[in-house]
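Presented below is the structure to which this report refers.
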Amino acid sequence: MAARMIGEDDVRKFVPSRRRDSRKGENGKVLVVGGSYIYHGAPIFSSVAALRSGCDLVYTAVPKINAPATRAASPSMIVIPLADQKLTRGAARKLAGQIPTGLDSATIGMGLAIAERSALKVLVVALVDMDVRISLDAGALVREILGDISGKNCLVTPHAGEFKRLFGESPPADIEGRASMVERLAQEHGITILLKGPTDVISDGNRTLLNDRGAPAMTVGGTGDVLSGIAAGILARNRSPLESAAAAAYINGLAGEAAQEMHGLHITAMDLCELLPSVMKPFDRLE
């Protein structure tokens, strides 16, 4: 199927409306799992972005050494310290037992140090069994996990290097070739893929969408973590990984453009987080 570029009208449909009489928790509960001794900021970016995307509650699971800094970053995050400094099987099992009732979506991998890949499988399988919609990024993008997420309404968000590690194939340089490869692999593995790049390619194997919103300043570290948080926040309310990923890519790009307009080539990922309310407000709908 031919790929097509998304626009504002698509995003307006993909971002769910909110009931005027809704209560806390009914607009999405998100779990963010990430971080390490070196990369403490990644899950913070994702968590703040998820909150700014419009969900109600964000639970942020980080290594216990990172917990104080994560709590200090925002009083809005509910921080869950992991039992170990890296994701071990024991830490994964304990976290699975702490998952709050009614969790809608989870994003895993941003800056995450994984001691053993079987630990990732333990956590992912537990979440899938609870009907939690899952988005995987960065450290969680390993081939061993593909069998566990196939046909489970899951999203992966690799850049080109992570894409090769995950699928064993390098995406072509031309957009037509990239779109064709992403669509084929999404269909083959029963997942939704968001291949990040100057033009993002999003496919669930049936539909393939493109996003060209963004700015040169977005090469700064952390913008991919922001994208993961937005995707998880929307996925908590929209059960379609394709629509959630496409909307997130577009909105992330809009925030990057707005940040560059304000700060030139001197932005940070937190600038994108702070601009999310203004770029998302036009897509707000109340029922």
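Quick reminder: no glycine exception, Cβ is built from N, Cα and C everywhere.
Within the same chain, residues at least 6 positions away in sequence whose Cβ sits under 8 Å from that of Ala42 ((6S)-NADPHX binding site) are Gly34, Gly35, Met110, Gly111, Leu112, Ala138, Gly222, Asp225. The (6S)-NADPHX binding site annotation in Swiss-Prot covers Ala42, His159, Asp225.
Feature annotation from Swiss-Prot assigns AMP binding site to Lys196, Gly197, Pro198, Thr199, Asp200, Gly224. When secondary structure is read from DSSP and collapsed to three states, Gly197 (AMP binding site) falls in the coil class. Within 10 Å of the C-beta atom of Gly197 (AMP binding site) sit 17 other C-beta atoms, taking all shown protein chains into account.
Residues or ranges marked as domain 'YjeF C-terminal' in Swiss-Prot (evidence: sequence analysis): 7-283.
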Between Lys196 (AMP binding site) and His159 ((6S)-NADPHX binding site), find the distance joining the two CA atoms and give it rounded to the nearest Å.
5
Here the binding-site residues are Asp200, Asp225; which one has the lowest number of other Cβ atoms no more than 10 Å from its Cβ?
Asp200
Greatest CA-CA distance (Å) over the residues Ala42, His159, Asp225 that the record ties to (6S)-NADPHX?
16
8 Å Cβ shell about Ala42, His159, Asp225 centroid, (6S)-NADPHX site members excluded:
Phe45, Ser46, Met110, Gly111, Asp137, Ala138, Gly221, Gly222, Thr223, Gly224, Leu227, Ser228
